[in-house]
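The block underneath contains the structure these notes are about, expressed in structure tokens.
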């Protein structure tokens with residue numbers, strides 16, 4: 001038997017809505033099998049994974065805390081990927097944004113005013129954008145592959161942060177441990193609704209950025225330019241769009257948003273710089289961007305789903321004692337199913353039997 | 001001492017070389033598999049486990065190759081048959097590999113593994129200065145060199161290699177010429193998986209004969225970078241892998257000499273060096289254009 | 001699908017009954033920074049959990065989270081534990097310090113124990129740590145006796161006080177035998193990367209050291225030492241299996257007794273805030289059997305260990321000079337704990353510049 005894809009004349013609206021549900025269903029089945037094999041009650045396990053984190057308000061706050069950087073970075077990356085710029089160094093731009101954004105609270109702790117926070121955020125954006133501009137410049141000027149340079153710069157950024165918090169920026173009152181001084185209250189990103197949990201304005205930024213970029217992509221000429229240059233650089237050139245400018249635009253936007261995510265995370269959720277400030281948000285965001293089909297609104301949903309899978313993983317670890325590795329394997333499985341099911345949006349699947357006569361339509365033509 | 005340092009560099013470079021040479025075949029066929037880290041770690045745990053239970057490192061190597069290839073099939077099925085996005089699928093494969101290997105290896109933690117014996121050729125291995133370097137290393141070191149030569153020969157000197165590259169350059173016209181694009185890409189992906197598995201086994205059977213979770217520690221990513229770094233040419237991968245190894249080992253020596261430069265700066269040297277060399281290479285625009293597989297990462301669905 | 005929803009509802013109901021029934025036992029919860037399969041830091045804490053579980057039996061229930069990143073995730077993980085009915089929560093990495101204190105403020109009835117930190121902002125937060133440097137001093141004594149080259153290689157992770165303390169203690173121990181003894185330091189900038197640790201060991205050996213000690217977690221340096229035919233010291237756990245003819249001894253972090261004591265205190269209702277810095281005397285630091293050395297070295301090592309264990313001798317007793325030769329401690333003066341816990345300079349004889 002062979003599987004064949006038949007391109008649909010147009011995107012299937014039905015499957016665009018249905019495919020996440022099918023993926024979820026398949027994940028539930030596969031997950032249930034996996035948990036049963038491990039000797040756990042599958043229903044209980046899946047309950048903790050998907051439902052338990054949504055039951056309490058504080059946990060919803062935590063979901064927002066976890067999803068905010070993922071969404072913020074991923075929407076920026078969507079511009080990159082749509083325009084064919086392969087920025088996989090968002091993690092580095094996140095880190096540099098966090099560092100430049102922290103200049104004020106670390107070096108001038110006595111400067112306390114309402115203006116500190118806006119300045120920090122702007123400096124974070126500028127830092128991330130500037131760091132993103134390096135691979136963009138190398139690509140435009142020397143034709144250097146941006147996948148590699150942006151990835152290499154991640155390691156450099158992390159080591160730079162490490163050096164800063166152990167060296168020049170070490171907390172004078174911190175017993176020589178690697179961390180900066182804690183930010184003063186005026187440098188801390190406020191919580192949205194502090195009575196019920198610790199979700200901060202970073203989540204609002206993420207939603208606003210997603211909506212703004214969605215608007216840009218779907219309603220403005222700039223968005224059209226992104227799509228045209230991404231799909232067909234030749235056609236773009238005929239339309240008078242500049243490929244080089246687009247490279248910078250994409251990297252500056254995604255770098256800036258990653259930088260904003262970095263300073264928001266440090267200022268809102270952590271409160272100081274430390275040797276590691278990100279558990280790989282910049283890389284996880286790549287998955288989020290594709291899970292959301294590079295659509296900023298889809299990315300909001302995708303970011304929440306991935307965040308849920310982290311929280312659910314913890315709940316499952318605590319409650320029924322499945323290990324962290326199971327959680328990660330399960331995450332990988334979930335991604336596989338979501339990606340696979342998205343195929344249904346653009347294609348019909350035909351199972352072609354050994355004899356051509358036995359062709360079976362697997363799905364109805366919608 | 002100088003010879004020992006060279007051997008240390010060779011050991012550090014070999015796993016990168018093996019994985020990258022596998023990936024170059026995959027990418028030359030037009031497929032970008034970012035799951036090298038995941039396939040490598042699966043190879044590491046399989047190689048260790050099989051060698052430990054059977055007592056034979058060679059069986060471990062064989063099993064790692066098979067598991068690497070099978071694991072890559074998962075990626076192949078999604079990206080080639082279901083035309084999912086290759087970047088995202090590759091990342092998911094890494095996630096799955098890291099998780100799954102941790103689950104499989106839980107009972108191996110804290111057990112000393114079986115180390116593959118070094119080659120020893122009477123007389124030749126005892127030659128001064130070069131004897132051990134040329135004739136006294138681990139067997140997989142020689143495999144890695146043969147593999148590089150073999151892949152270079154295959155890609156640029158055989159008809160099959162030409163076919164593979166033509167698919168990577170333009171899958172639509174290759175298809176029009178009657179080449180079985182998907183089938184060949186499946187084979188390429190599996191070859192890449194097999195090599196990544198072998199590289200993983202090198203880690204758990206030669207480099208550091210033990211199993212620890214996440215023991216690949218990012219080497220799969222370095223291997224991916226090397227492929228681009230080498231502008232998709234096998235011999236340049238060899239040069240790149242040894243350069244990377246030399247800079248990594250060199251910085252440790254610089255530290256041991258006590259030169260007093262921040263260790264973070266020294267640790268970032270291999271990455272900065274990669275960027276610099278890459279810029280130098282890619283300045284020649286025509287040369288890189290010729291080498292880059294034009295269909296890399298693009299989905300292909302045969303029309304009927 | 002409908003059936004699934006129903007069973008979810010059923011599961012939810014069972015869950016809430018479950019928590020009610022479970023309240024009888026004391027619940028002890030642990031957060032680890034690495035995977036329990038690292039065979040190093042987190043592994044040893046988990047061994048402590050297992051030991052405690054065995055000792056206290058039915059009286060306790062346990063739970064743990066592994067590979068919890070330091071940063072925003074830590075606070076959530078700790079809060080989740082606090083909310084899920086844990087009575088005592090052990091947070092086992094320095095980077096959990098601020099999140100631990102923050103969550104502790106919100107849950108005054110839950111006890112918190114933070115390893116290796118110094119902040120106790122609420123009465124329900126205690127801190128604990130181990131004097132690993134006591135073991136390092138003994139290693140130094142052995143190294144100086146065993147080394148022919150008079151120079152040892154030290155694979156270090158990150159320049160934090162604990163690691164600097166360890167290097168200094170090692171040098172002081174060595175110099176008590178051979179005043180000219182030198183130590184070469186390589187910073188791996190990782191706690192955990194077997195390949196890199198192996199490379200560091202090889203680089204040090206190629207530069208002429210004939211003893212290796214490490215303050216990183218994997219067993220790779222031990223294997224390299226075995227291969228090259230020199231001696232080495234283990235770290236965190238007894239690594240004799242990885243170097244039967246190589247390991248001289250190993251510093252074993254034994255958290256078990258401490259965990260038994262503290263969880264039992266919660267069960268009995270006698271738990272109080274404290275700051276414990278236990279060493280060999282308290283049984284927190286245990287030396288693996290002295291092996292692969294002549295009897296006279298073994299005897300000296302055992303004597304040194306006995307003196308430290310009885311409290312008769314403190315490794316940081318003057319006269320001690322700083323790296324540049326200036327005086328740190330006068331003869332007979334003992335370093336204060338406060339200075340040690342924030343240590344950021346070397347003593348004389350270390351062949352390295354400390355990142356400042």
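Even glycines carry a Cβ here, placed using N, Cα and C.
Taking TrEMBL as the reference, the stretch among A:199-217, A:218-236 described by the feature transmembrane segment is residues A:199-217. As a quick check, the transmembrane segment (A:283-308) and the transmembrane segment (A:114-134) miss the bar of 3 or more Cβ pairs under 8 A, pairs 6 or more apart, so the two do not touch. Of the candidate ranges A:12-38, A:199-217, A:246-263, A:329-349, A:199-217 contributes the most Cβ pairs within a distance under 8 Å of the transmembrane segment (A:58-81). Listed stretches A:88-108, A:114-134, A:199-217, A:246-263, A:329-349 were compared with the transmembrane segment (A:12-38); the greatest number of C-beta pairs under 8 angstroms is found for A:329-349. The transmembrane segment (A:246-263) and the transmembrane segment (A:329-349) are not in contact, since fewer than 3 Cβ pairs between them lie under 8 Å (pairs 6 or more apart in sequence).
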